[in-house]
Amino acid sequence: MEGSRINRALLEAATGCECVQVHDLYATYPEQMIDVSHEQALVFQHDVLVFQHPLHWYSCPALLKSWLDMVLSYGWAHGDVSTQLAGKSWVHAISTGGADSVYQRRGYHHFTLAELLRPFEQSARLCNMQYLQPFLTQATDTLSDTALQAQADSYAAWLKELAEGDGPPVVESVQAEEAQYLEPVRDVKDI
Amino acid sequence: MAEAHIPSLLLESVIYLGAAVLAVPIFRRIGLGSVLGYLFAGVVIGPWGLGLVADTDTVLHFSEFGVVMMLFLIGLEIDPDKLMELRLPIFGMGGLQVLLTAGLVYGVGTAFNLDWRLSLVVGMGVAMSSTAIAMQVLAEQGALNRPSGRSAFSVLLFQDLAVIPIMILLLVIAPGAHVSNGVHMDWLAILKAVALVILLILGGKYLLRPVLRYIANTGLREIFIAFALFLIIGVSILMTLVGLSMALGAFISGVLLADSEYRQELELDIEPFKGLLLGLFFISVGMSVNLGMVLQHPVLIVGLALAFVSFKLVLLFGLAKVFRLNNAGGLMFAVTLSQVGEFAFVIFSAAVDTKVISYEHSAVLNSVVAISMVTTPLLLLVYQFAYRRRLQQRRQNRKFDEFDEERPIIIAGFGRVGQIVTRLLTGVGVEPTVIEHDPNQIELMRSFGYRAYYGDITRPDVLRAAGIANARLLILAIDNAEDAIETARYVRQHYPDVKILARVRNRTYVFDYMDLGIDCVRETFLGAVHLGEKALREMGYTPFHAYSTAWKFRRHDEGMMRDLHPIHTDMQKVVSYNVRTRQDLQHTLSRDMEEIVAGLNNNIWGGRSEDSLSESEDGSPQSP
């Protein structure tokens, strides 16, 4: 956080929202050990989980991954009888250094963000949660301070709508996926 | 009958102390400053007032020792490096001030057809300012670290140095003195003086610190004070023997001890003696005002005093402008140094001894000097009135002005705990002020290149001197639990803005600190948890599992401390809480164990994750 311009601005915006409880994992667990029962209680109290993070190696930072590993345990978050999280929403607020154009089949990173984030989408499905369209802050390397402020403002507005049940659409990419895999040549034009 | 048994020393002490205690608080209350209070007390009890004390000369000579102690204390504040930085103001400003004043007064004197010797002696005497009054004024105004204060101090230092050549000059110009004889005498004296100064520097550098350590090791505070006084008086006597000024000797010893770990302790121990002796000095100056003579030649004496003071004011202000002080600073500088100082008494009496001037002249001059000293506090009142607004502004800015030497973090205790904290902080470039009361510890750490000050943190004056008022953080790392909590209470109450972190002996004390809202660390807790973690590894836990178990235990225990805090005085509740939570803990830690055995734990480093993969056929989240 200390060195992060983008995520600090976004976090400040989130902190300003009454309807949002900010839970800074790196501040709470500097030793990267997670208090599972405390976290599960927190998750249980809320309807929407927003994971705000930069994209690290096409995924989330290590502590968030660790959080998923520990907190979403078998028998609580998923498994035959577990319905603790059913109906809750799972959504990411992700920042990337590159613009959207580099996350393209012919772009520098070769995969779309939607593709890269599919492990999260499936994780949400496994927990019977709704996986919503992420909030993206892209091309942060060239983002001006004014543009960043505007982005933070729209983040706050996005969070407010989310809390009022007026959030982004649910992502259901399974069918689209099948179609794309059947015709790989066409999807270049599509995206 | 009883009267006959009271030694006169005791009786006089009662008179001096009583007069000071009566006059000074009143003068301070009505805003006239302590110096004027002392002077007034002196006039009242002196031979021209109530006549309670007759022998003013002896008292004056004795109390000049206050000036010596003051120079020792000033020396302690100035390490050799700082002294080098001041060389331009000392020799430039100080030199110009002494030469110009003496030269001009001499010129005017001879122009009025006065004896050239008398004019020269008066000129040299008038060039001197009162270190005692000036430093007291600077300290009371909080101006010591400002440019004006530093300049004033530099000039005073040069005047101290100038006393030596002036004394030699008096011998040379004495009527009937053979010049050749005089020069011959000088060489020997100079040789002796230089030898003594070199000896002093060497001794101070190599001998003083071990001796101070030995003395401090006895743990007897009064012996430490006794040694400090012995040191100052001894050096002063040696200096007088070779014809140097006592104050100069004390100043040199002070400078030599400025970077030693005993600096603060010495300062605090000498401070009250200095204060009392200086007070006595001011009283005796008040007593030496010869009211009879003043009434005889009121115009001459008061006129001369006012003439000298206004002449010095103009000259000093001009000098300040030449050396680029601003108007307020320059005026402060001029007012501070405008009086004729105690060295003038010394010069005049030496001049009488060598028959350079007559006794009558010196009596008149001494009264002039004493009256000029009275003007300073009055001038200061005028100055303050004129510059009140500026002063207030400056006071608000002072936070930034005087921060230089104070550091944001103070660590109390340089033992097992303090050392580690200090090393960590120094490692990231944050140098703390470290205070330790065990000289051996200081010496030991010094050999590793770490520096701590000798002092007892439980004393409010030590805290103050360490800069608690401007510190951000105080780390209490001392061993004595009672002392630590007392210090924490004191600082919490008097310096609520300073954040405190404390090393704590055990649980009981933790609650005391929690009552105060102070963050603390149990000194053995983390070490013990770490030991337990190693034990778990020996018992076959994987390193990661051992670590995470120890971490959970730690978290459980910290939560327990929070829960127990409101009920910790009720033994029954504490016991029942403990029984209950022990089961909780066993449950938490053993559930973890069962999960691992069953292969359901999410920890893929636990060695059994492959089982968990095969069991959760729907693709559990940890599958790679």
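Including glycine, each Cβ sits where the backbone N, Cα and C put it.
Pulled from TrEMBL, these are the features on record:
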type: TRANSMEM; residues: B:6-28; note: transmembrane segment
type: TRANSMEM; residues: B:35-53; note: transmembrane segment
type: TRANSMEM; residues: B:59-78; note: transmembrane segment
type: TRANSMEM; residues: B:90-112; note: transmembrane segment
type: TRANSMEM; residues: B:118-139; note: transmembrane segment
type: TRANSMEM; residues: B:151-175; note: transmembrane segment
type: TRANSMEM; residues: B:187-208; note: transmembrane segment
type: TRANSMEM; residues: B:220-238; note: transmembrane segment
type: TRANSMEM; residues: B:274-293; note: transmembrane segment
type: TRANSMEM; residues: B:299-319; note: transmembrane segment
type: TRANSMEM; residues: B:331-352; note: transmembrane segment
type: TRANSMEM; residues: B:364-386; note: transmembrane segment
type: DOMAIN; residues: B:406-523; note: domain 'RCK N-terminal'
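Between the transmembrane segment (B:274-293) and the listed ranges B:118-139, B:220-238, B:364-386, the one holding the most Cβ pairs under 8 Å is B:364-386. Panel annotation: around the transmembrane segment (B:220-238), residues 65, 68-69, 72, 196, 200, 208, 211-212, 246-247, 249-250, 252-253, 265-266, 269-270, 273 of the same chain, lying at least six beyond its termini, place a Cβ under 8 Å from a Cβ of the stretch. Among residues of the same chain six or more beyond the transmembrane segment (B:331-352), those with a C-beta under 8 A of the stretch's C-beta atoms are 60, 64, 67, 97, 121, 124-126, 128-134, 137-138, 141, 143, 148-149, 151-152, 155-156, 159-160, 163, 166-167, 170, 281, 285, 288, 305, 308-309, 312-314, 316-317, 320, 325, 358-359, 362, 365-366, 368-369, 372-373, 375-376, 379-380, 383, 387. Here the transmembrane segment (B:59-78) has Cβ contacts under 8 Å with residues 12, 16, 53, 86, 131-132, 135, 153, 160, 232-233, 236, 246-258, 263, 266-267, 270-271, 273-281, 283-285, 287-288, 342, 345 of the same chain, all six or more residues outside its ends.
Proximity of distant same-chain residues to the transmembrane segment (B:151-175), defined by a Cβ-Cβ separation under 8 Å and at least 6 residues beyond the stretch ends, is recorded for 71, 74, 86, 89-91, 93-95, 97-98, 117, 120-121, 124, 127-129, 131, 134-135, 138, 144, 182, 185-186, 189, 193, 243-245, 247-248, 251, 320, 323, 325, 329, 332-333, 336-337, 341, 343, 346-347, 350-351, 354-356. Tertiary proximity for the transmembrane segment (B:364-386) is limited to same-chain residues at least six positions away from its ends with a CB under 8 Å from its CB atoms, namely 31-33, 35-36, 39, 122, 125, 130, 133-134, 137, 141, 285-286, 288-290, 293-294, 297, 300-302, 304-306, 308-309, 313, 331-332, 335-336, 338-341, 344-345, 348, 357. In the domain 'RCK N-terminal' (B:406-523), the DSSP tally of helix, strand and coil residues is 54 helix, 24 strand, 40 coil. Residues 12, 15-16, 19-20, 22-28, 59, 133, 136-137, 279, 282-292, 373-374, 376-378 of the same chain sit 6 or more residues outside the transmembrane segment (B:35-53) yet have a Cβ under 8 Å from a Cβ within it. Same-chain neighbours of the transmembrane segment (B:6-28): 34, 36-38, 40-42, 44-45, 52-53, 59, 279-280, 283, counting only residues six or more beyond its ends whose CB sits under 8 Å from a CB of the stretch.
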